[in-house]
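The structure under discussion appears below in the form of structure tokens.
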Amino acid sequence: MAHIQQSMQGALLDTVRGQNSLVNDLAKRRLYDTAVEEFNAKDRRPKINFSKSINEEQTLIVSQAYPEFQITFYNTQLAVHSLAAGLRSLELEYLMMQVPYGSLTYDIGGNFAAHLFKGRDYVHCCMPNLDLRDIMRHENQKDSVATYLSRLKARNKVLPAFQQEAFQRYSERSDEVVCNNTFQCCESNRYSSGGRVYAISLHSLYDIPADELGAALLRKNVHTLYAAFHFAEELLLEVSTVELPTIGGIFSRDGDKINFCFSNESTLNYSHSYSNLLKYVCKTYFPASNRFVYMKEFLITRVNTWFCKFTKLDTYTLYRGVYHRGCDQQEFYSAMEDAWHYKKTLAMLNSERIVLEDHSSVNYWFPKMKDMVIVPLFDVSLETQKRTKKEVIVSKDFVYTVLNHIRTYQAKALTYNNVLSFVESIRSRVIINGVTARSEWDVDKALLQSMAMTFFLITKLSMLKDELLVSKFTLSAKSVHEHVWDEIKRGCGNMFPSLKESLLRKKLISGSAEELEIEVPDMYVTFHDRFVAEYKASVEMPTIDISKDLSEAESYYSALSELSVLENSKDFDLEKFSRMCAINCVNPDIAAKIVVAVLSNESGVTLPFKEPTEGNMAEAMKSGEKDEVLTLGSQTDNTDLTSKSMVISGSLPLCGIASEISCDTFVRNEEINSLEEYHMLAAESVISNKMASIVYSGPLQVQQMQNYVDSLAASLSATVSNLKKLVKDSSVGFQDSLSKVGVFDVRKKMWLIKPTLKNHSWGVVQKFDGKCFLALLSYHNELPICDADWSKVAVSNESMVYSDMAKLRVLRKSIGEMPISVSSAKVTLVDGVPGCGKTKEILRRVNFSEDLVLVPGKEAAAMIRKRANQSGNIVANNDNVKTVDSFLMNLGKGPVCQFKRLFVDEGLMLHPGCVYFLVKLSLCNEAFVFGDTQQIPYINRVQNFPFPQHFSKLIVDETEKRRTTLRCPVDVTHFLNQCYDGAVTTTSKTQRSVGLEVVGGAAVMNPVTKPLKGKIVTFTQSDKLTMLSRGYQDVNTVHEIQGETYEEVSLVRLTPTPIHIISRESPHVLVGLTRHTRCFKYYTVVLDPLVKLVRDLECVSNFLLDVYMVDSVSAXQLQVSGVYLAENLFVQAPKSGDAQDLQFYYDKCLPGNSTVLNEFDAVTMNCSDISLNVKDCVLDFSKSVPLPRDNTKVPMTPVIRTAAERPRSQGLLENLVAMIKRNFNSPELSGTVDMENTASVVADRFFDSYFLKDKLSGCSLGDSGGKNIIDRQALIRWMEKQEKSTIGQLADYDFVDLPAIDQYRHIIKSQPKQKLDLSIQSEYPSLQTIVYHSKKINALFGPIFSELTRQMLSAIDTSRYLFFTRKTPEQIEEFFSDLDAHQPMEVLELDVSKYDKSQNEFHCAVEYEIWKRLGIDEFLAEVWKQGHRKTTLKDYTAGIKTCLWYQRKSGDVTTFIGNTVIIAACMASMLPMEKVIKAAFCGDDSLVYLPKGCELPNIQSCANLMWNFEAKLFKKTYGYFCGRYVIHHDRGAIVYVDPLKIISKLGAKHITDKEHLEEFRISLADVSKSLNNCAYYAQLDEAVREVHKTAPPGSFVYKCIVKFLSNRVLFESLFF
């Protein structure tokens, strides 16, 4: 049922998001009605006032534990154990809810005052005075009654009617309301009116002996007893103290006495009998007589309170016979094995049974014990040699995970130390879904050693028993006993010398001279028991008379059938109808017939409409065939008519709600006719190849208007160009649920690429002659209607509407042949802070009869019309409130209208040229542009189209400021004062509203386990798609919700890499932080500037919040000049320090990494359940369990603790996780990019920036034939670089045909790459993947690209640019040696995450254009291109096969040089390369030196929208390139290896032996040569501190690295 409701709700939400406005309105109305019904249902719940003062967390606990009540938290009373005291009233009301209203009820030990206040005159309270505390409680209840009455008297009020009868009974016959006897001795004999009798017990069962309960209940003829009491499962174990943390209670046990009290409070203890309490928990049947028995049934556990009920059963119902009691002696003796007191009690309980012939078995109901087991822990005293044992509750999954894993250990590896290491590791961290690392099992650290010993003993004995089953022992000089104990002693050592004697005494083993018997102890014990009873009499089960209820139900059913003929009968309020019939004593059937007759106009009473809506009024007042024509007459002047047709005709309009459909259809047809000029227009005539070279002249406003017109043409050009390329490239289709494009094959009448949207307005058509044209499309059965000469049709999301076409047509028509002119109207900018009421001000100032309102979106337009017309007077319509697109697209279709004033809402989000056109075309005298200068401005999403920075400024005549926000809470207003000039104030009463939560990763986000409140917002489109794929609904980006208001907002960031739009000054942060009115919460996976901002707002003092006014202070960077030597000195670094220095430095730079126990991460990922989101792929599950390998080499253990991991083994799960992280879920950040034209422009920029002009002629640039690229020498150069085995594999290759070039193999690297950050503490690092071609393909293309690379590098300006290919550290130093430290420079680094899988079709187009200009053969280039478009990956080791589109393959011949070329081209397209001092590129790393003060574009935005890169631009003092710090000084530069990276490698866990260790040392010593020069250690400290903020001065550790790397013996001391 839940699934059906969820599916219906999802379908309804999909309908709301549709494009049919009428269906949308109906769906929204349905959602609204559903919400109202839910709230009404919740309002009907019983209301409880919770006056005790508790915190927010406790408030949430109470609300979730008792959803049956509508609880109001007043927090007006401070009291001891406030939560427990407040819960007592809720527990009482919950128990009384189970009792039928008005039935005689006995409250055992109850609160008679509470029942009086509720008016329950049918409750009798047994309140015995067992001690002085009971007397005091009784007196307190009397005082509460007296206080209540005196308060009423002081206010001259009388008792409410519902309380009078109860108080009257208490006044006249108090013995019927309360008595001082125990329930067993209660003398009350109130008459029950023939109904059933009930009883409740709220925390009073402890004082009633369990053996007397049944008889006492039967004496009062109680049918059901509902009880509540505190209990903890741990009390069944041998523990002396148990805590109830939620309510703060403590159970303490001493023998049979159990005490209950509250921690940290001076209240008295409550003492009870432990054995009596145990009976209530463990027993199921409580005998009352030889016939009746009360059966206990647990109901639920809420906030440490157990609820149960005892129901009276007649045993004669089952069998005829007599009740008897007997003793099962065997059960008694077996239960008495241990001599503890509580075991005696349980033995007595198990021996005394009621026997049932059906042998029914019942398990105890322990909610906390689900999947929990009791594990024994053993210990031995070294002095007395006495064995001790205790029990603990542990997760069953934890026990089996440990036992199953250590059972795979070989005999030498099965030691106590290894078992303890694994137990400690998986207790601290478990890998969840191959992504997140967190603690999964809550096991006390103090028990780990004892539990490890238990697991070790169990496994050791199990292995010995298995060996005995396989074969018998062969006697030798040693006895069999000695062989076994030698085996155990090798694992245990000398830790437990009396272990053998302890096991013999326990009888776990027994032996003789010739044989050995081993009994493996139970791994754990579960909670269970069996109950058997026997009955021999049989009677009929008593029945309840429900004939009256059935009769009433039948009459209402008949009435409902009568009402079902009504329109919208599903919305008929049956509850109100039933209440009306009950109050007026009316037969429901008769009432239903009257209602149907009235609503069907058959009763003589006419209802013209059901609701006073415009549509129903028009329907009721419209003329019929025989009615006279109704005219307005003299009343026309007094009626506000906005339709010109109404004024002309003078007759009542005949348009209702449905008339909008025909109107919309008419407008669309007219639009198509006006756009016929585009139909069958050649695509080449629309595509512009010179977007980037447009020159504008004239005043700035005229230039902006020209730029806006050109941007529309550029957008249309880019869309047409991409569709043209798509229709030509598509040969084989693919099905993608998120495809934004579509290609239709006319001959096959099928979609080769099926788009997500339907009914596109236009597209690009390819005819059979290969030419492409634009076409306006029509559809039949969701398929386009095509001409006979059409071959294919390409569409995309940009071709859904005629927006750009229509706007471009209107603007060009309005311009004509005359130069563009600017309107003389006065333009006023209303600059308001978020939530200042800009829309409200527009509605207040506008005169809809002569003014025009324009808004960006149709939702905003509908909202303005609704608010303007809410009084019932229709003043706003489609003529005076429009969207900007609608105004521009439909201009000129009707008579020319001149408006007096123009109001543009959110005008700063528009292109400034668009605003000037709106002012000009509206013919207004004055224009008001409402916006926010600090929020998100206009963003140019057409890449390679010029939009200079100065074009973004809107030129106005006057600026008005609004600095009072009506929406933002006070703490957010404090932040606004830092962003705006002038004092920002607020009218909101909400003081504190912001909060944050750092989540463990994207895998944590799930709408079931982690529901988010309010509106869900993200910064990026990729995070939005991730949230939608996770199951969240109604997710938007910050840019999409600008201008909207929500009560609660949940802002989510799932991208761990830096995002340029998240900074304290970012307008995106400002928009995201100012959308809420009550509550804002930020969920992030990393600590970013917004986290710092939210924490600062949480710490603002109340004094500042009361003033809500802060002066803005501009922060200035303190500049300190460095001290440099006059020349590049070499000072030999002394060799000093020890291993502790290396460990200290590592822990300061990366705190916490050295404490991570990640040795068994791969094991826990394979052992635990996993849920992965994968693309379409084929999995061979026969490869899921790899064959075990006997690895005799044990790796050496490093002395230095780092985050290094052990090598991992390949397998289905490990390889699949690596493939998901490295190849799947590629980002989709790019905007609209004209692939071919933009790639050509980028290639031009690449060659102009990096190549020497005089060497261009020396390479093959422009030689498209590529005939001179490959010769014998080029082939020999390539073969010299290959291994002999590679050349040998090519010996049998005939080179007649090519293998499948789109087929790749996939493997993983066994050693994870270390990250120099803290991510290892919460993440599971994925392995690096290698995707490679066969050797045969590499033999053909390897020499080609090797020669192309050689020629390209030979023509590059090596004095300014370094392409890091096969360069030594000395050559890097030489390249940077001419840097001048006296020249102010900016050091830029572009950090790109997910570099390989972010590369899409555009990157391929850029790379192929560069190779083409370098002279590659066209045929081979096309072959290579097709091999990188749609590729198939096969992992034979793991059994995985999948398909990928584009992406950079990590193992083909162009991986390194291709990545280097792409990052260089990316930087060339964004930076002024003609000003660059130095630049270096290597793979995805880049380092650029620019003069100080250069104007830079928005690098991050361009990298996102054009290059699809999640990039972050860093500006530093010193460069960091390929794991090395570039330290420049006054006359040169020195390149230091990253010392932290060297220390991290010293914690390697893959070193097998000393020979391997020596090779490792030599490798590290080679890359660390520069550390021998200590002359520039001070500058190196500054460079390291730029990257790692917590790094201390490190000269001592640099010297220590030199010391250990230079000496073989010292280096060997770092491993053992």
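Every residue number used here counts from 1 along the chain in the order it is shown.
Cβ atoms here come from the backbone N, Cα and C positions, even for glycine.
Just so it is clear, the model here is predicted, and its values are computed rather than measured.
In this structure, Val833 (ATP binding site) belongs to neither helix nor strand by DSSP; it is coil. The ATP binding site annotation in Swiss-Prot covers Gly832, Val833, Pro834, Gly835, Cys836, Gly837, Lys838, Thr839.
According to Swiss-Prot, the feature domain 'Alphavirus-like MT' maps to 72-281.
Annotated domain '(+)RNA virus helicase ATP-binding' per Swiss-Prot: 800-962, in sequence order.
Sequence annotations record features per position, and here Swiss-Prot assigns domain '(+)RNA virus helicase C-terminal' to 963-1115. Mean pLDDT across the domain '(+)RNA virus helicase C-terminal' (963-1115) comes to 85 in this model.
Taken from Swiss-Prot, the feature domain 'RdRp catalytic' applies to 1385-1498. Residue counts for the domain 'RdRp catalytic' (1385-1498) under DSSP (helix as H, G, I; strand as E, B; rest coil) come to 46 helix, 33 strand, 35 coil.
Among the features that Swiss-Prot reports, region 'Methyltransferase' is placed at 50-466.
According to Swiss-Prot, the region 'Helicase' annotation covers 828-1084.
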At 10 angstroms around each C-beta, which of the binding-site residues Pro834, Gly837 has the fewest other C-beta atoms nearby?
Gly837
Neighbourhood of Gly832 (ATP binding site) by C-beta distance under 8 A, where only residues 6 or more apart in the same chain count
Lys838, Phe930, Gly931, Asp932, Lys961, Arg962, Arg963
Let me make sure I understand the structure: which of the binding-site residues listed (Val833, Cys836) has the fewest other Cβ atoms within 10 A of its Cβ?
Cys836
Across all the protein chains here, work out how many other Cβ atoms are within 10 Å of the Cβ of Thr839 (ATP binding site).
20
Using the Cβ center of Gly832, Val833, Pro834, Gly835, Cys836, Gly837, Lys838, Thr839 as the ATP site position, which other residues in that chain lie within 8 Å, going by their Cβ?
Asp932, Arg962, Thr965, Leu966, Arg967
Let me check the 10 A CB neighbour count of Lys838 (ATP binding site). How many other CB atoms are there?
21
Cβ atoms near Gly835 (ATP binding site) (within 10 Å, other residues, all chains):
25
